[in-house]
C-alpha cells in the first residue's frame, strides 16, 4: 500500500505557513492560490452563514498568520471579515464567529487593523447571545486598551472610545450594556481610564439605567470597597512561608521536585518583599470626581422613591446618596425624613441604615433637620424595653451622627442620654461615656456640670463654632514647641515654655524690616538719643579741664550704650502665638520638628487647663501645671518588653539540661559521649545490634542486669 504524501503544499497549510514565514518571496504564487481559494469559499459561505465551514475556518487562520508577509494582497482581508461579522453577527455559526474574531485579533496584534475600528466592532459583538465570546472580547478589549496606553495615554483614541461607550451604556440589549459598564469599571481600576469623564459617564448613564444589572454595577462602582477587602484577604492567605519551607527542605529527603518547589518559593518571597517595598498605588475614589453631585444625589433619591427593586438595591441607593451628601456637603433635606422610616430595631439591615444616617450628616446641615433622627433613635433604640445590644447600637449611632453635626443635639436629650453612664450593662455604659467624651471636646456647655470633666488645654484653645462657621488656622498648630530652639526668635522666658498664654518672645529683624509703628518708635528713640548726646557734650566741655581720664571713659561707655540701643531697635517683642506665625514663615520644618509638634499637641489633650489666665511676666514663679502633668500610660512596645525579659534573666539560672557533675572538668560517661558523637562512628555498632540473634540479645541483657546489680 502506498503512503499518502502529506507534504503537498496546496493541501498542507501548516507546512506552507512555515515556509512562507521563512521566505515569503519564493512562495508568493502558492499564497495567491490560497487567497483566491479563500475568496471563493467566502462567497459560498455568505449564501448560508449559519452553517459551519471547516475549510474556510482553516484558510482564514492561515491568511491571518501570514498576512504581514503580503500586506498589499491582504489589504482588504480585515474589511471582508469585519463586514461579515457586522452583517451576520447574530446569525453566524458560533464556531465560525469565534474563528473570524480570533483572526481579527491576530491582525490587530500585528498592527494591520486600526484600533478604533476593531474595538467598535467588538463592542457591537457584545450583543451576541454567546457568553464565551463576550467574556473573550471583554478580556481582549481591556488588554488592548491597556497596551495602547502603556507608554503614554492616547487621549484622542480614549476620547473616541469613551464617547462610543456612552452610547453602548444606553443600548437596548442589557447584556451589551452590562458588559460595557464592566469594561469601563475595570479600565478605571487599572488606572487606564481614571479620569473624570469615565466616572461621569457611569454617574449620568449607568446609575440611572433601566437595566437592573447595569444599575447595580454602577452603584457598586461608587461604593467599591468590598473588592479591596477581598484582595487584602487573598493576599494574606497567599502569603509565602519561606522560613517553614526552608525548615521542611532541611528535614525532608532531598529530591528534584522539592528543590524546584523551594526555588519557586524563594522567588515568590523575593517578589512579595519587593511588592511591600514599592509605594502603594491608590485608586482615587470615583465619587470625588462627579461633576454634579447635587444633581446626581437628587436624581438617585427621586429614583429611590419611585423604584420597586429589591431591598438590597434600595440599600445601595441609600449608601451612594449618603456618601454624596457627606463628601460634598450637599443639602438634600428630604433624605432625612425618608431614612427615619427605617429606624426600627426590627428593621432588616438596620445597622447599615444607621450608618447611612451618620454618613449623610455634616456641619452645614441645620440641626433642626437632623434632630428628628436623633429623637427617633432615642425613642426606638435607647429605651430599657430593648436589649442592651440595641441600646448600645443606638447610642453609638447617636455619637457618630453628633460627631459630624454636633449642633443637632439638644441639651435636654444629651443630658438624658448621659444618665446611661451608670447603666448596669457595660456595653450601654461605655457607649454613653463615649458620647459624653465627644461632647466634652465639642460642646461641653450642653453637658451637666459634673459630666464636663476637667478642661484640658486643647479644649480651652478650641473655639465653639456657630452654624456654618469654619475653623481657619493661621499657623501650624503646636509650632510654639519649636520656639525654644529657634535661632531667629529669642524667647525671653526660657524657664517656662510649655504654655502659650501670654508668653513674650523677641524676634530679630533686618534693617529694612518692620512696620510704620516701629519706625515711629525708632524715631522717638533717636530724638532721645540726640538730646542725651547734646547734654553729654555740654557736660564734657564744662569738665574737660578737670578730669581727662573720666571723659575718655564716658566716651567709651557712650559707644557701648549706642550699640546696645541699636541692637535693641532690631528686636520686636511678640507674644507666643505671633512668634509661632513668624517661625512658620521663616523656617522649613523637618520631620523631627513635626514629631515635636505632634508631641506638644498630644500633651495639650492630657494637660489640665488653668482656671484663670497666667500673668504676662512668667519668670517670677514656676508653673504648677509643669509639676502636676499627668501622662497616659502607653502600651509596651516590643523593644520595652524585650528589655524587661532580659532584665529578669540576669539573676536566674538558665532553663534546660543541667550538668550533674560535681566537677565540670572531669570526664563524662560513655552514654553522654555517645550523644555528641557523629553517626558514622556509631553506625557499625548499631548494625551489629540489628544482626543479633534472640539468644545473643538475652545474654547481653542478662550481662547488663548483673553489671547494674554489682554497681549498686
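Every residue, even glycine, has its Cβ placed from backbone N, Cα and C.
Considering 236, 540, the record held by Swiss-Prot lists 236, annotated as phosphoserine. Taking 234, 497 one by one, Swiss-Prot attaches phosphothreonine to 234. Residue ranges 611-661, 662-712 are listed, and Swiss-Prot annotates 662-712 among them as region 'Disordered'. With a cut-off of 8 Å between Cβ atoms, the residues of this chain six or more beyond the compositional bias 'Basic residues' (700-712) that come close are 692. Within the compositional bias 'Basic residues' (671-692), the DSSP-based counts of helix, strand and coil residues read 19 helix, 0 strand, 3 coil.
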